[in-house]
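The structure appears below as C-alpha cells.
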Amino acid sequence: MWRRSVVSRFSSRISVSSSLPDPRLIPWSHEFCAVNSFSQPPISSESTISGNKSDPNRVFASSTVAAATTTGEISSRVSGLVGLGYHYGRCYWELSKAKLSMLVVATSGTGYILGTGNAAIDLPGLCYTCAGTMMIAASANSLNQIFEISNDAKMKRTMQRPLPAGRMSVPHAVAWATIAGTSGACLLASKTNMLAAGLASANLVLYAFVYTPLKQLHPINTWVGAVVGAIPPLLGWAAASGQISYNSVILPAALYFWQIPHFMALAHLCRNDYAAGGYKMLSLFDPSGKRIAAVALRNCFYMVPLGFIAYDWGLTSSWFVAESTLLTLAIAATAFSFYRDRTMHKARKMFHASLLFLPVFMSGLLLHRVSNENQQQLIQEAGLTNSLSGEVKTPKRKKRVASSQPPVAYASVAPFPFLPAPSFYSP
C-alpha cells in the first residue's frame, strides 16, 4: 500500500512539472511562478488508489501543451526582435536619406571609373570607394537632420522624419552619425588613399557645419550646396588615381551647374514649406519667379561646352559631344519654358528633366570614355599621320621658302632700306 502511495505521488509531481515551460526560456516573473508550483501539496493518495495508475495520454498531452507554450513564447520574442530591427532599420534609412546617398555613391563610382584610366576596372577598389562614400553621406545627412529638428517639424514633407516624429532619440542619432562618418573615413584611408579620405571628411564638414546653418541665413546656400554635390566624383577620381588632374573636373563641373536648375525648380515648388521651415531660399525673395528661372537657364547653358571639353581633353570619344549637347539643350528647353511661363507645372517639368539629365550624362561618360590604352593608340596614329603628311609636303615647303628669299644684290641697292623686303616668289 505505502509503495503505491509513494509511486502515485511521484507520478503526480512529474505530470504537474511536465506541464510547465522551461524556466530558462521565459522571463523571471514567470520563473517565480513556476518555482512556486513545486511547493504545492501533493495529490492525495486516495484519488490515486481509486484511479489506479496515471494515464499515459494525459502525460503526453501535458508535455505537448508545454512544448507549444515554449514555442509560442520563443516565436513572440523572435517576432519582437524582428520588429525592433525593422523599426530602427527604417529610422537609419530615413535618417541617412538613403536614396540621396545612393545618388552620391553613383557619382563617386563614376568618378572612380573615369579616374582609373584603364580598360580593366579594379572592382575591390570601386566597392571600397562606394562603401566609404555611402557611410560619409549617411553621416552628413544624419547630422543635417539632427541640426534641423525644429525646422523639419514645421514642414509637411519632413515632419514625419525619425527625429521630429520622436521615433528615435537625439543621442542615438548622434551615435549613428559619428560611427558612420568615422567608419567611412577610416575605410577610405585604409583601402584607397589619404587624398580621398581627406576630400570625404572635408565634404562632410562643409555639408553639416557650413551648408546646413547657412540655409537659415542666406540664399547663397544653394551655391555652397552645389560645391558639396560636386566633390564626390572628385573623391572617386582621387581614390582611383591618387591625384587630381584637369580631366577630373569635368564631371564635378557638370554636377555643379546641374544642381542649380534642379534646386531652383525644387525651391519654387516647395516655397511655402521652405518659408514655414525658416529657410532662406532665393525663391522667397523672388515672388514672380523670374530671377530663379533666369539663374536656372543660365546654368543650363554653362553645361553645353562640357561635352566638347571632355573630347578635346581626351576623356571621351567624339560621340559624347553630340550626345551631351543634345541632352543639355533638352534641359535648357525646359528651363526656357519655365522662364517664359513661371507656373508650378513648368517648374515640375524642369525638375523632372533634371532628374533624367544626370544619370544619362554619367552613362554617356562611361560609355564613351577613352582608356589610357586607346589614348596611346590614338596618339601614335595621329603622330604617324602627321609624319607621313610632313614627308609629302616637305619638298614643296623647302622650295617655297628658298625661292621667297630676295637676292642680296637687290637688297643692297634698295633706295629705301627701311621698307619691307620684296617677295620674289612666283607660284
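Cβ from N, Cα, C; glycine included.
Of the candidate ranges 79-99, 100-120, TrEMBL annotates residues 100-120 with the feature transmembrane segment. Residues 104-105, 107-117, 122, 125, 128-129, 133, 137, 188, 192-193, 195-196, 199-200, 202-203, 206-207, 210-211, 214-215, 248-249, 251-253, 255-257, 259-260, 263-264, 267, 279-282 of the same chain lie 6 or more positions beyond the ends of the transmembrane segment (221-240) yet place their CB under 8 Å from a CB of it. Remote same-chain residues near the transmembrane segment (246-270) are listed as 107, 110-111, 114-115, 157, 222-223, 225-227, 229-234, 237-238, 281-283, 289, 292-293, 295-297, 299-300, 302-303, 306, 309-310, 313-315, 331, 335, 338, 342, 344, 347-348, 350-351, 354-355, 357-358, 361-362, 365 (criterion: CB distance under 8 Å, separation of at least six residues from the stretch ends). Below 8 angstroms of C-beta separation, residues 250, 253-254, 257-258, 260-261, 264-265, 267-268, 282-283, 285, 317-318, 320-325, 328-329, 331-332, 335-336, 338-339, 342, 350, 365 of the same chain, each at least six residues beyond the ends of the transmembrane segment (291-311), sit close to that stretch.
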